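What follows is a set of notes on a single structure, which appears directly below.
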Amino acid sequence: MKTLLNPKWLLLTNTLPFVVTFVIYWETYQIIHTLLTPESLTLWGQFGMTFSALVIVNLSYSIIQILRKEVVQIWFALYTFLISITFFYFYFTYESLLIPINIPQWMLAKDMYLYLGFLTMPALFHALLILVVHLTPNPGNKSAWQSFLMGLLCPFACYLFFQILVPMDFELSFHTIIIVVISLTVLFIFSLTRGVYLLAMKKRQRKEFPQWLWKVPIALLLPLTGLILNNGHLPEGIRGFGNTLFGDFSHPIFYIITVFNGTVLCIPPVSHKISRIGLFITKAATFSYTLYFFIIFLPFLPLSIPAVLFLGLGFLLLSPLFLFLLHIKSLTEDFHYLSSFLKKPLLYVFGLLGLATLPVAITYSYWQDKIALKEALHYVYQPDFTSPNLKKIDPESLNRVLKTIRKHKNPTLYHHSLFPHAPFLAPFYQWLVLDNLTLSNEKLSHLEKVFLGETPYEENFTASTGNMPQAVEISNIQVQSAFDRSENTWRSQIDLELTNTTGQWMAEFATTFQLPEGCWVSDYYLWVNDVKEPGILAEKKTATWIYNNILSTRKDPGILYYLPNKRIAFKVFPFAIDEVRKTGFELIHKEPFKLEIGGKELILGDLSQTLSQAVKLPHGYYLSERAKQTLPRVKRKPYFHFIVDCSQGKQSLSASYIKKVEQLFEKGILDKNTSKFSFTNAYTQTYPYSKAWKEHFRTQACEGGFYLERAIKEVLVKSYHLRQDVYPVIIVLSDWVEGAILQHNFSDYKLAFPESDFFYEVSKTGELIPHSLLTSPAAPLEEKVAFNPEVEVYAWPNTRQVEAFLPLKGASIIPHISPKIEESEELHPKTWESAFALNAQWLSHCFHQENFQHSWLNLVKNSFHTQIMTPVTSFIVVENEAQKAMLKKKQEQMLNSSGFFDLGEEPEAMSEPGLLLMLLLGLVCFLLKQWIQNRKRFA
């Protein structure tokens with residue numbers, strides 16, 4: 001253990017953790033400083049300068065001692081110990097001023113309080129070990145029982161202090177009592193550490209005390225008991241700490257490694273060289289496990305005496321410390337023995353290889369999870385409909401990943417825990433596998449349905465076509481529409497006054513409204529505390545996450561974002577009773593139109609002015625309904641495209657499917673020879689009609705979920721790219737279309753179905769039941785719509801060289817679809833032409849999802865550049881600079897990720913681990929103070 005006197009250890013245990021702590025708090029300060037009072041700002045400055053001075057002094061001393069090639073002196077260990085304890089004593093005294101209760105917890109670093117202990121306790125413990133080594137010369141010739149006795153007397157002395165001295169009328173302040181408790185705790189830990197050190201360093205004698213008698217309890221019994229108590233794995237009627245109090249270590253691998261590690265440490269030294277090398281490497285491999293638990297329990301060492309007094313289990317908190325010392329001693333003995341016939345550099349290599357074994361194994365396991373998740377996400381959200389070869393996803397691997405993510409997302413399952421998950425391992429998993437983000441519950445459920453065949457337990461997502469229920473009404477609207485002749489574009493400013501007439505506090509205004517083709521949102525504002533705050537255009541998932549979190553703290557957010565089918569969601573919060581608030585937004589549009597919002601109809605522009613000619617643009621064409629009337633009409637030939645449900649458990653339905661197809665063919669509605677069949681579960685295989693078409697039904701493997709959404713998209717995308725004089729009539733063969741996987745509607749693919757907005761399922765009687773491609777596709781339409789194969793559409797620009805087929809009604813856009821979206825600096829801010837270009841890019845993104853990540857990021861950047869809202873961005877208003885700083889930080893995090901992940905869907909409450917630790921420490925102090933006062937009162 002004298003190697004711990006090497007000053008290089010100070011860099012690892014002192015300087016590096018302190019610097020990381022400083023960075024964490026500096027980043028937090030950058031976010032919240034605008035919310036702090038002058039008194040809090042002064043404290044931040046004082047603590048920051050003091051902490052910086054500590055880092056500089058420690059670093060300087062380390063460098064000096066390294067250059068001098070001298071060991072760490074006892075005075076420096078004593079200085080580190082006393083200064084650090086003093087610093088943290090004052091930190092926890094003034095913590096409520098440093099981070100006041102009014103600071104929203106979602107703005108703070110996750111588990112900040114606990115990791116403060118993790119990052120700073122190593123310096124304190126290292127100083128303690130240095131004191132033990134310096135104050136224990138010739139440890140091999142001294143007995144350990146005196147140190148253990150001194151350690152055991154400390155809880156007893158603490159008990160006597162509170163039972164005898166405190167009740168007396170001595171003028172003892174609360175701070176004096178706390179200092180006495182801290183001193184006894186330090187003496188307690190010091191004495192026990194010194195005892196284990198003496199026991200480990202004791203020289204062998206002929207009649208020595210059998211080492212297994214003290215090794216087995218330290219290496220096996222105490223760690224196993226701690227695991228069992230922590231995880232609640234006890235016989236019925238016996239209670240432990242609860243459910244994973246100090247972390248989730250319930251996986252069998254923790255028990256296996258604990259037993260294996262303890263067994264290896266209890267093996268007596270062997271003289272056989274190869275066996276000794278094997279033991280040395282094995283002990284080095286399990287040392288990372290010992291070190292892991294040692295670091296986890298370091299912050300709780302100060303609670304060891306209260307735990308001994310009140311729970312009688314305080315020694316379990318010290319078991320990782322004892323095991324750590326034993327493990328170091330065992331490794332040191334093996335190293336010294338092997339160095340007599342092996343070169344030390346080779347031993348260092350063996351040791352490092354062993355030490356890296358568990359971390360490498362864990363990293364490899366997590367990396368496999370990352371690959372499995374990445375493949376699944378790519379298949380679902382970055383599909384390549386043109387690729388004939390699809391690599392199938394391993395459902396077992398994916399299921400393991402999804403369960404792990406769900407476990408990490410639900411800390412409420414462990415609401416009595418300081419750590420809902422395994423400390424350090426869970427953040428490492430989230431960093432490596434999820435880019436420090438997460439997956440929304442909607443996406444997790446979607447992946448489970450697609451690949452695992454999970455039964456849908458929530459309703460399929462559909463966008464409402466009407467307004468959301470409103471708690472706040474629009475009391476006044478003013479519209480100003482002006483025609484910009486330089487761009488031949490209308491700009492309409494809609495100003496609203498919103499009034500809470502519900503008689504409820506904290507009401508929310510929430511509505512949706514429909515935009516026509518060629519209309520986009522170019523600005524937004526909200527009055528906050530008599531200040532007109534302009535909307536910030538942000539990445540959509542970041543903006544909604546910020547809005548939801550602000551909503552939980554009852555501040556003043558407002559947000560606009562896209563729903564499917566060009567509907568806009570519009571929300572403002574909060575409203576007091578009878579409060580009136582002002583907000584508004586700007587629309588840019590090519591033609592006048594009527595806008596319905598909040599039950600009111602607005603006229604934007606002069607309805608008599610319509611476009612009679614197509615508008616040619618660098619990124620496509622815009623055609624009004626009037627302009628399309630000059631185009632030739634054509635009738636494309638329809639063909640049946642059957643999508644067959646081959647999901648899990650559908651093997652027995654092939655006969656009924658065949659019967660339904662035969663019934664349709666017998667009616668002669670369409671030519672059966674042109675039909676196609678797509679057999680769909682998680683994957684889709686498509687075959688043209690042939691005489692052996694029935695065999696395909698009988699030979700299909702039924703597994704996973706019925707991923708109807710992907711199958712329909714594949715049909716539509718391929719049909720659009722071919723631009724032929726035929727078009728698909730999609731017929732779904734399933735016994736439960738409502739249970740198919742239809743997460744979204746197909747409004748973004750309207751270019752591909754100009755003839756009809758419907759697809760069909762076949763009833764038991766062979767009738768075609770229509771479903772809408774635009775709204776609620778899983779639900780059959782209530783109105784009966786007769787199938788009409790004779791539908792006319794417009795051919796653009798002519799019938800000889802058709803570039804697009806257009807529906808007869810409404811305005812249409814003809815975008816130039818590009819496989820990849822690049823960053824476009826040439827686009828001008830807030831112009832209709834730029835808005836059209838962004839819309840063309842969005843449709844390119846939809847029709848070429850194989851380039852999802854690249855296109856998504858550039859589409860977001862182009863939206864920022866032009867300040868035009870798109871389906872991947874959102875206008876949001878926040879109340880203060882701290883919220884803006886948090887928005888910027890989270891947005892950077894989001895944009896640096898793959899685009900598949902989410903920040904989360906629920907507002908974050910105060911971090912469970914940090915909260916519980918602070919409550920635990922505060923509760924100990926409060927009960928101590930109350931107990932002292934009561935004893936004095938009744939003495």
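Note that Cβ sites are derived from N, Cα and C of the backbone, with glycine treated the same way.
Curation does not apply to TrEMBL; its annotations are automatic.
Annotated features in TrEMBL:
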- 9-26: transmembrane segment (TRANSMEM)
- 46-67: transmembrane segment (TRANSMEM)
- 74-92: transmembrane segment (TRANSMEM)
- 112-135: transmembrane segment (TRANSMEM)
- 147-166: transmembrane segment (TRANSMEM)
- 172-200: transmembrane segment (TRANSMEM)
- 212-229: transmembrane segment (TRANSMEM)
- 249-267: transmembrane segment (TRANSMEM)
- 279-301: transmembrane segment (TRANSMEM)
- 307-326: transmembrane segment (TRANSMEM)
- 346-367: transmembrane segment (TRANSMEM)
- 460-591: domain 'VIT' (DOMAIN)
- 914-932: transmembrane segment (TRANSMEM)
Next item on the list: Go through the chain and flag residues at least 6 beyond the ends of the transmembrane segment (346-367) whose CB is under 8 A from any CB in it; none is fine as an answer.
Entry: 257, 277, 280-289, 331, 335, 338-339, 425, 428-429, 432-433
Next item on the list: On the DSSP side of things, how many residues of the domain 'VIT' (460-591) fall into helix, strand and coil, could you say?
Entry: 13 helix, 74 strand, 45 coil
Note to self: If we skip the immediate neighbours and take only residues 6+ beyond the ends of the transmembrane segment (212-229), which ones have a Cβ under 8 Å from one of its Cβ atoms?
What the structure shows: 196, 199, 240-241, 249, 254-255, 258-259, 261-263, 265-266, 268, 293, 313, 315-316, 319-320, 322-323, 326
Checklist line | For the domain 'VIT' (460-591), mean pLDDT (0 to 100) | finding: 88
Note to self: Applying the under-8 angstroms CB criterion, which one of 46-67, 112-135, 249-267, 279-301 scores highest with the transmembrane segment (74-92)?
What the structure shows: 112-135
Note to self: Applying the under-8 angstroms CB criterion, which one of 46-67, 249-267, 279-301 scores highest with the transmembrane segment (112-135)?
What the structure shows: 279-301
Note to self: When you look at the transmembrane segment (279-301) alongside the transmembrane segment (249-267), do they share 3+ Cβ pairs under 8 Å, ignoring any pair fewer than 6 residues apart in sequence?
What the structure shows: yes
